[in-house]
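Annotated features in Swiss-Prot:
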BINDING   43, 44, 108, 139  [4Fe-4S] cluster binding site
């Protein structure tokens, strides 16, 4: 009488089993399929357009550009943001579903760039309107730098906890479009007063009524008035 022989477990079985958590699985799925909304207002956006070509091929990162904010979870702001465009940018961000991310591309988006010294209508940094996850400096940044920024964002997504991110955004978001403009006497002669123009940023001089805590949904009209 032949005895019943049970098949031995394959040694490769342990390599084919994946153990993870729901949070890690959610992060992996989101970082592998980012759908960006392209918000370009100046020359920096031309550098991002070169990523669509075959030389850089940003499709390999799972990026699918969308034309509607309701279908996007990433917005790339490139170029100068003016006071008149500020409500539109905030409205686009509010229409994006959670979780959503922001990459500030270029010097004009991050700090106002060369227009921040003598322009009354330039927003001194897009982070005064919406929260920024990755800052990408440059004038303009190279396509390789854009890929590096997307890679850093993917690493950030892989380590985050969704509940903590939503709580942090609702408690720490502040908005303001009121910026002080001080014009020096020699600003049009090429002799800039560095101590006068480049002052350290401080929020203590800004009246508290210009800031709005993001504890509830705030309309775009309330953010700029």
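Backbone N, Cα and C define each Cβ position, glycine as well.
Here the features listed in Swiss-Prot are placed on the structure.
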residue : record                        : CB count, 10 Å
43      : [4Fe-4S] cluster binding site : 14
44      : [4Fe-4S] cluster binding site : 25
108     : [4Fe-4S] cluster binding site : 27
139     : [4Fe-4S] cluster binding site : 11
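A Cβ within 8 Å of the Cβ centre of 43, 44, 108, 139, the residues given for [4Fe-4S] cluster, is found for these other residues of the same chain: 42, 78, 79, 80, 106, 107, 109, 113, 138, 140. In three-state terms derived from DSSP, residue 44 ([4Fe-4S] cluster binding site) belongs to a helical segment.
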